[in-house]
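Feature annotations, courtesy of TrEMBL:
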COMPBIAS  434-443  compositional bias 'Basic residues'
COMPBIAS  461-478  compositional bias 'Basic residues'
DOMAIN    346-426  domain 'BING4 C-terminal'
REGION    426-527  region 'Disordered'
REPEAT    268-309  repeat 'WD'
Amino acid sequence: MVAAEETGVFDRFKPSTDQDALDELELKSKKYLRGEAANLEVLQDKKLKGQLAVREKLYGQSAKAAAKAEKWLMPSEEGYLEAEGLEKTWTIKQESIVREVDLLSARKAFDMILPELGPYTQEYTSSGRYMIVGGRKGHVAMIDMLSMDLIKEFQRDCSDELHDLFSCYRYPFIYNRHGTEVHCLKEHGKPLKLQFLDKHFLLVSVNSFAQLHYQDISTGEIVANYRTGLGRTDVMRSNPYNAVIGLGHSGGKVTMWKPTSVKPLVTMLCHHGPVTALAFHSGGHLMATAGMDRKIKLWDLRKFEVLRTYSAQAQTLDFSQKGLLATGNGSKVQIWKDSGGHEYEPYMAHAMVKGYQIGKVSFRPYEDVLGIGHSKGLSSILVPGSGEPNFDTWVANPYETNKQRREKEVHALLDKLQPETIMLDPKKIGTVRPPRRKEKKAKKEAEDEMEEAIAAAKSITVKKKTKGRNKPSKRAKKKQEEVFKAKRPFLEQPSEDGQPPAKKKQRVSEADELPKSLQRFARKKTA
């Protein structure tokens with residue numbers, strides 16, 4: 001009996017066979033297939049049947065090639081919370097998750113209580129390596145999230161509130177890594193929100209006068225300065241897919257802007273009340289909005305249509321790299337997960353200490369971590385499956401050295417994109433613009449075509465009709481009408497400047513201008 005048990009134990013640790021590897025490859029290749037295969041048995045046409053068979057074979061080969069590439073290039077897979085039986089994932093507490101994970105992951109969940117200088121807001125770098133923290137009363141700190149070391153901390157003397165990171169008092173300021181003030185951007189006025197477009201080196205701000213500023217920080221030049229015309233706004237986010245700026249207004253509208261357009265690219269009426277939060281999916285085609293009408297809506301930006309509407313309220317929204325949606329309202333945080341077809345369902349929930357007011361939630365890139373800035377400091381919770389497990393060092397490297405960081409800054413400046421590349425559909429860059437109108441034909445070609453049309457009209461044989469309706473004069477008149485119809489398209493062609501041909505003014509005789517009773521006294525023109 002003991003020998004049998006030992007055999008069963010050793011069977012579990014046997015190396016996987018080739019058949020297991022093939023089964024795993026077949027399972028992974030299913031997500032790269034283009035739907036279900038065509039049923040070729042019902043086709044009668046042998047040629048079509050052969051063509052479809054070859055095409056289905058190519059689809060299968062490409063799916064297997066993609067699965068093999070995923071196995072070697074993306075070795076890590078994301079994980080999610082899975083409930084057992086009647087248990088729900090949103091009932092699982094953070095304490096239970098922290099107990100089950102490894103020590104390095106457990107360190108990422110923390111609470112930083114700073115009651116005197118709050119409320120706080122935070123932001124992560126694109127690689128997730130560093131976190132910048134700002135308190136409303138001027139407290140600023142930079143933290144290395146890999147080693148959890150404090151890089152720099154200083155107190156900004158603010159006689160007014162810190163509305164966004166480094167936008168204090170009347171103007172926004174720029175500081176270097178050591179906390180030294182480098183620039184004061186007086187052109188922006190008193191900003192309420194800031195966004196930085198790293199591919200274009202553009203700093204975007206919206207101030208209390210509803211003015212939108214674009215400034216190139218590599219040259220210091222003001223690229224654009226527009227008035228939104230829709231009143232004060234406290235909601236601004238950038239779309240990571242196309243760098244378009246989205247603004248949420250008090251009238252329930254969401255506008256999208258680019259630096260080369262005076263008017264907004266898109267104006268959408270999203271809510272029947274002020275917009276409180278806005279977030280864009282990393283894919284660029286999904287937008288989430290929240291309003292004072294207690295609605296959270298998901299929008300398809302390809303058709304600008306609402307996909308889903310949920311009865312909930314949120315003061316802050318954020319999408320993770322894997323598509324999870326975090327909402328914060330009051331002292332509660334909820335995370336929603338896409339169950340398929342953009343149908344979001346509750347995934348996790350976390351309640352802060354009663355009385356804490358959440359100001360901002362943001363996912364940390366390449367980590368299963370959600371940062372929370374609230375009225376009493378900062379918190380970080382674990383959200384399994386939120387971060388991208390495989391990172392590309394050419395895009396963002398969380399483990400880069402100081403030398404690599406300096407080289408990356410130089411390469412980023414050399415590869416800087418121009419403001420003209422910001423558009424709703426960036427796929428149009430590098431394509432040929434279609435002609436706006438048909439090319440005008442040469443005069444000789446147009447004359448030749450008109451002569452051919454006239455000759456064809458003259459050669460039409462008129463059908464003989466009954467007696468009295470077949471007079472030669474009527475037949476000639478009919479032919480003249482056909483010739484005129486053939487000539488009309490060529491005579492009505494627009495001129496070189498694109499304007500339609502001017503109609504000739506008919507001469508009005510002196511007799512026509514006089515009343516009918518006096519026309520007989522009009523002076524007749526001599527021949």
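Keep in mind that glycine also has a Cβ here, set from the backbone N, Cα and C atoms.
A Cβ distance under 8 Å defines the sequence-distant neighbours of the repeat 'WD' (268-309), meaning residues of its chain 6+ beyond its ends; these are 235-242, 246-255, 315-319, 321, 323, 325, 327, 342-344. Across the domain 'BING4 C-terminal' (346-426), mean pLDDT in this model comes to 91. Sorting the domain 'BING4 C-terminal' (346-426) by DSSP state (H, G, I as helix; E, B as strand; all else coil) yields 17 helix, 24 strand, 40 coil.
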